[in-house]
Structures are given as C-alpha cells and as structure tokens.
C-alpha cells in the first residue's frame, strides 16, 4: 500500500506540472488535482490495490456487466487463482514435510534405505513416473542410488557436457517417453459465447420484450401480413446490434489470445551437441542440459550438474520469500523459480504437466485481464452520460404518457390518439408500448456501453499493427500490460540504458594495454611474454560465464555469453587461448559471480601443481584501485605506486573515445588460506587486495544507426531522455554526446552529468531537486536507478525506464512504464516490465511513445463523434416530445444510429494509425480532461447545427417541402420524418471525417490510406440507402426522391465547411471542466471537514 500512496502522490504532482506546461493553468489548479472521492480518478492501475479497483466498478452505471467488464481485471478470478496457487503450494509443502520426516526416521533406524531399481522407460533405462516422483518429492537417496546426476544422465542417455543430440528423432523420442514442456490450456470462448453476452444488455432485453408485445398486438389488430412490421423491425434491429457487437468483440478476443501466446513463449539457451543454441521453452525435453545465470527462470524441473554461488528464489512455488542455495546436498530445481544469484547448469528431469509449475499453470491458465487508467476514466464518462440519458429518457416517457392520456397527442391525420372511454384497450396498450420503446431506445443511445471498450479496441488494434507490421513500422516489441502503451502517451522522461539500447551491443576489443605498453594490434601475442599470455588466457577462460565451441570440421569458432564476455573471449582466442584445454588443466574452487553493485567478478583456480590463482575482471578504475603491482609486457612484476597515474590517464583516454574499459588482474593465494572442504569453500570470501594488473582492454560498442534522430524526436515531443549506465562516466559522456542526449555546447558538469555514488549519498529532498537536472548518470548501480525513478516520479514526471538485469526489476516495477530488453534482458527483468523491446533498440521505445499518444488521440476522436450524436439525438427527441408529443426518430432508427456511433464508429475512429503530428505536441497530462476545450467547441458547433436544422425540419418541414397540401397527411408526415432521419444519419457520416482531425483544417489528410475507415463509411452509406429505399416497412420510412436525397446530402455536407470555420474560433486554455469542478470542490471541502 505504501507504493500505491507514493504512486498517487507523484502522479498528482506530475499532472499539475504537465498541465502548467500544456494548458497554462494558474496556481489555482490544485483544485483539479487528484480527487480522493472520485472512484474513477485512478492515475495508475499498475500495482493498484483491489479495493480501488472494486470501488470504480461499484460506482459505474452499467447495462451489460459481462460485456463492459470483459477486458478489465476479473477480481473474482484473481482471488480464485491465488487460492489455487495456495492449494498447490500447500500440497507441495505437505509432500516435502512428510518426506523429511520419513528421511529423519530412516537416518535414526538404518542408513541408506533400499531403493527400487529403475523401471525401463522404453528407449530409456528409467520410467517417467519414477523420474517425476524423485524430482517432485526431492528424493535425494533415490538420486544417490542411481549414481547421482552422472548416473542419472547415463540412464537418460545424455552427455552432461555436450547435452543431447540435435537429432530431431532423438528429441521426438524424448517427448514421447517423458512428455513435452507444454500444459493444457482452456480454449478461448467461442463466437456463440460472445453472442450470448452481447444480448445480456438490460436495455436490449427490455426492447426484445417490448418488440414481442408489439408483435403480438400488431398481429392481433392488423393481421399477420401488416401487423408484424412494428415488432419485427425492432427484433431485426436488436439482432443486428447484437450480431455486430458480438463479431467485433470476438475479433478483439482473438487478438488478445495472440498477444498472450507471445508472452508465454520464452526463448532460452540449451546445450545440444556441445553447442549453445536458443530454443523455445516449449521445445525443451527431458535430458536437456540448460545453463542458468542470474535472472533466468528455471524452465523445467531438474537436477543441478554444476553451480557456483547458485541461489534460487522459490517464492513463486512455495509462497515464501526465501532464497535457497543449491549444491550437491540440495540439487533439486523447480520449474518456474528464478535464479537470484550465481550461475550453473542443470539436467532437465521433468517437463510440462509432470511438474508442479505445469499443474499450477494448467489450473490458472485463463487470463484474468487488466484495466487501463483511460478505461476507468471512460467508465466514469459513460456513467455520467448514462445518468443524463436515463434522466432524459424518464422525462420523455413521463411527458409522452402525460400528453397521451390527457388527449394532447394526435396522429399524422390530426386525430386525437386517446379519448377516455372511447379508445380500445388494445390500441391504448399498443400506443403505450411504442412510447415505452422510444424511451428505452433513448437509454440505448444515451448510455455509451462501447465507450470504455473503445480503449481496448484501439489498444488491441495498435498492438496487432505494431506486431504485424514489424518491417513496415520498424518496431519490434512484445506487450505484457496493455495499459503501458496508453501510459507511454503521457511519458515525460525516458531513463535509458546505454549498452544495447543506445548502442549496437556488438562489442570488439580495439585497444589493449599490458604493462605500460599499448599493444597494436590489440591481439598481437608476439608483443607479449608467454607467461603474460598464459595468465591472461587462464583468467579469461576460467573467469567467464561464456562458452567457446570449436567445430570438429574446422569451421568458425562459436562464442556464447554476454556481448562483453564474447568480446574478451574473442580477443583471448586471437592471443592464442585454448579454452577447453585451460578449463580441463585447472580446477575452479570458488566463484564470485559478476555483481552490478561491485562491478567485478572473481574466480579461484587450482592449477595442476596445486598453486591457487585468484583472477578478477571488472570495471577498470575499480580493479586498478585494488592493484599494488602490474606485469609488464616482458612478464616482470613492477610496483604500481609510481605508475598508477599512467594507468588512470589511459583509462580516461579510452573512456573519452567511447570505449568500455575492463581490467584483468590476478594474485597468488597461499595454500594455507584456501579452504580445505567444499562447505567452507562455498562461504569463502575471495581476497581482492594486492592484485597484480595483467591488462586493461578498451571495448568499442558503436552507437545504433538512427538513435540520434530518435532522441531528437523525443526532445521535440517534450520527452526528456536520460542515460543511466554502469559504465565509466567519461564513456557515458562520450556516448551521450554522440547520441545527442548531451549537446556539445552544453555545460557537461555536475549535476547534468553525475556519478551514481554521488547521487545516492544525497539526502532525499536534495535527490528530488537534483533528479530534474540529471541528464547522464555514470557508474550507477541498479539501486541508483531505482532512487532516480522514485525521485523523478515524486517530482511529477511520468517515467519510462529501460532495464535488462535482474537488479533492474525494482526500477522497472516502480516506473510508470517498465521496458525490458528482449535480447539481453533476463526473465526476472522481463516479468517486472510492462513492454519487452525485442530488438533492444531505443528507436522502438520512441515508436511506442508515438503509438501511446495515438491511442489517446483516437479515443478523443471517438468521444467527440459519439457525444455529438448523443447530444443531437437527445435534444431533438426531447424538444419534439415536449412540444408535439411525438418523436421524429423512432426506436429502429435510433438503434441504427446507435450502431453507427457505437461499434462502427469505434472501429472507424479508434483504428486510425499514428501521425507524425503527434510527436510535435507536449505529453498528455494524466489528469488533463478527456474532453478538451477544442473537442467541446467542435462537438457543440456540430450538435447545435444538427439540432437547429432538424428541429426546423420537424416543426416546419411540411411547409418547407411543400407537403402541406398533400392529400395523404400520413404519407407527408412520413416523408418529413424520413428526411429528418436520412439527414441525421448523413450528418454523422460526414462528421466522422471531421472527427478524424479535431485540430487540423484538412480532415481528409491520409484518409485514402485508412482502408478500414473508408470501408466502414462506405458500408454505412450503402446500408442507409438500402434502409431508406427498400426497408421502409421496418424503419417506418418512405422512399425519398433524388431531390430529397440531394437535400439530405446538402445538410450533411455543410458540416465540413462549418468544421473549418469552427476550428478558426480560439478556445480558452483553462479547461471548461475547471469552472464547474472548482466551486463544487470548494463547497464540499468545508462540509467534509
């Protein structure tokens, strides 16, 4: 809850800051900050407590809950999911507890209880059930009976060093014998389910009942041939609404299924045939050898082969936040857990449904959805409009009934419809049903059920377009939380990593200093003494999480590991390093894995002559500080005292050339100080003083092409780009200048450019003030990044953060939008993030900002269009009802209008692709009114025009059209109403073009490229022609001649020049809502106090 409080505070401040920039608010604007009493005022749904989410659901006016809340978080299912997790965890703990009790008893009575011999598993010497049982129940005696992990690998026909063969037949056999790494998933809902949900709408059910009554009465009074039209037409219109709604929703659900499938498909490294290859998690088989490193997810159940400081976070399975150290005494690894520290390799022994994780995922595989802040706000807007519409409908119902029963309602021929004591009950009842149907239809039109769903539609469309058009859009990402795309539209700052995001992550050693000599070319071993080459080779080979594969056919050497590891391995190979030979000649005693806090990693190695070497590798200036001597190029030990400044200057020179500086050092360790047993060895703290410097290498990682343009686009869009890197501050400065994050004329001094340790040491208040000024942070730890994110958010920024390491997880979680890297990112980082940038490219981050702004802009276009229809339809019907006791737009006509503005309107406007113009605006404030002053101006002008023209036609239409002298009064009346209906629909079709560009004069720009928009407009127009010309019996309309069609088109087309004139009218900067909200808030505050 603390996080939530902090989140809401910072968000509130942020929007005040944003509104000052964008809307020119005065200091009085505090009144428009977060309103704690408004259930729909949720700035950030990420990490929001269930109580907050429950509150807005209860406050929403909803006619069809199953549809309205379909794409929001299902709180009930979420509770059920947690309950199932607890059940499975409890089950697992009971098994383990019983096993431990049993083992304790066995140890007291007899050591080494007999174990059943392996059961033949087809092609393998062990069966699925025995293997799964041993791993699931952590049966260590059984494992020892099989001969430990080495004996088990023999039973599974696996080589512990080279893994299984890449032969497809062998992999297929393993899947047949032990299962595949998949679990059964619940099928997605069928189209019929969506059809069933679509008709659950309360108003549609009432209309169906009314239609049934009308149908019965019509047939009874007028006979089957003529009497079925009134009721039948309502039935048909309701069915059309249900069908279109269900089809749209079903298509959306298919898109969501594709998105979720991409989320689950994790890519991981396995060793097959001696090579490290990347495979899908679904392709993993029993017998696979999987390397594990910090931040990885354990992809299946397995047994540890080798490990160094390997710690596993098993909280996802046990429910306890406890880190478990894995070794030969505790070798069992559970699928779904995370590697918290260290590295190692595992033998896969259980996959898919044969693991606890598989059981868990199979039971909770259905996605429970999520909501976005915009979705919540739109529910608030829909509720407000719905209450107004409901009030209007009740008023219309009351007025029409009062006028009818007091004898003030006449039919087209001028005859009073109800005369007390004379009018038949059936006729009166039929008239009342018609009046009631009109009132209910007004509610259908007034309550915009589709408004919150439009957010989901535009988000799903945006994601599908981004993922489908990777080549076209030059964007490669995976969305974990839809709300993040929306929030990116409000981002005011992006805290980006350097390596791989701003740079290519293609590293090469381009400079090397050994002793005081610069080796040129850097991999020329002839310039070095053999003893120096030997020590360097040993240090690189043993102090590395990478791997070297030399093909037997003499092909190119294959390297695996991080880009930095690969660059150093490649350099050492050119020096003459024999990777496999060095690893087999010496034994690793203990490893200190590379740590992003300490920025170095070490290893203790025992050589064949029992001498122990401790090798360190890491950030050059930090390793150099721990050195007391260095080996010169002739292999002689020299004192560091006099030459330290030389090496410091060399590091600065490399860093200024944008090179990453890495130092390699070693020291001898006295035999008596080396722990003798394995347990003591695992707790051994490697000495890191009195080191001997072997070499300093400069690694080049060039800037990505186009990153400078991407940074400039962000700056122009009001989004500040900050670089946060673990690299040397001089390297960070050089890259920042190259990328355009720092301008060459800028004063690059503190606090613009700062070291992590300096920022971390500041008091909290000072950190908040300093954070705004920071552009580059060098030598930062993951905790420094978290502190920066917290400080920026408290200062009012909407923060997007990129991260790839496990330790970045807190910052990714804390940020408004967490962006993890798809190539270099660990599974822990990916799970904590909202969006995965699959190509690790900063340009992709900028594209997400563009699409995020597009989502917001499209929703605003749809709101403007829908409110115009709402206002016009309601005012026309209300005024007509009060004055004449009849409504020009009947139930079937209003249902057709509802279809145009709701489902079809959302499809047309919510799927507009983003334009470059979006990136020339300031970020959208999260509490900036959804309906801006520009939107109010546009919709009021159009609605006013439609109301005036159509009401003039309603009251004076017969005179204007020269129909007063028509002998058939009923026909004349129908011609007038048909013209009103036709003109009203055409007004909406033409106004749909205006809604595309609320601020631009030219609303046709790019319209021909949007095939969906053109298709929907064309489809609507064709249907309208069919309705008027051929379906008059259903809609109570008559055919119009070409002159009246011209009149209809003329009325509609005037909305175009009217919109152009309207856009020239200036609007005040202060939102209209401020004038209404301030007095309301001020009068409520004393009452609340």
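Indices start at 1 and increase along the chain as displayed.
The backbone N, Cα and C atoms fix where each Cβ goes, glycine too.
As given in TrEMBL:
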type	residues	note
REGION	1-49	region 'Disordered'
COMPBIAS	1-13	compositional bias 'Polar residues'
DOMAIN	148-219	domain 'Cation-transporting P-type ATPase N-terminal'
TRANSMEM	194-215	transmembrane segment
TRANSMEM	227-246	transmembrane segment
TRANSMEM	381-405	transmembrane segment
TRANSMEM	435-461	transmembrane segment
TRANSMEM	862-882	transmembrane segment
TRANSMEM	943-963	transmembrane segment
TRANSMEM	1011-1032	transmembrane segment
TRANSMEM	1044-1065	transmembrane segment
Sequence-remote partners of the transmembrane segment (943-963) [C-beta within less than 8 Å, at least six residues beyond its ends]: 867-868, 871-872, 875-876, 879-880, 883-884, 888, 972-973, 975-976, 979-980, 983-984, 987, 1044, 1051, 1054-1055, 1058
Positions on the same chain near the transmembrane segment (1044-1065), where near means CB under 8 A and six or more residues out: 937-938, 941-942, 945-946, 949, 961, 975, 978-979, 982-983, 986-987, 989-991, 993-994, 999-1001, 1003
Within the domain 'Cation-transporting P-type ATPase N-terminal' (148-219), residues counted as helix, strand or coil by DSSP: 45 helix, 3 strand, 24 coil
Within the predicted model, mean pLDDT of the domain 'Cation-transporting P-type ATPase N-terminal' (148-219): 81
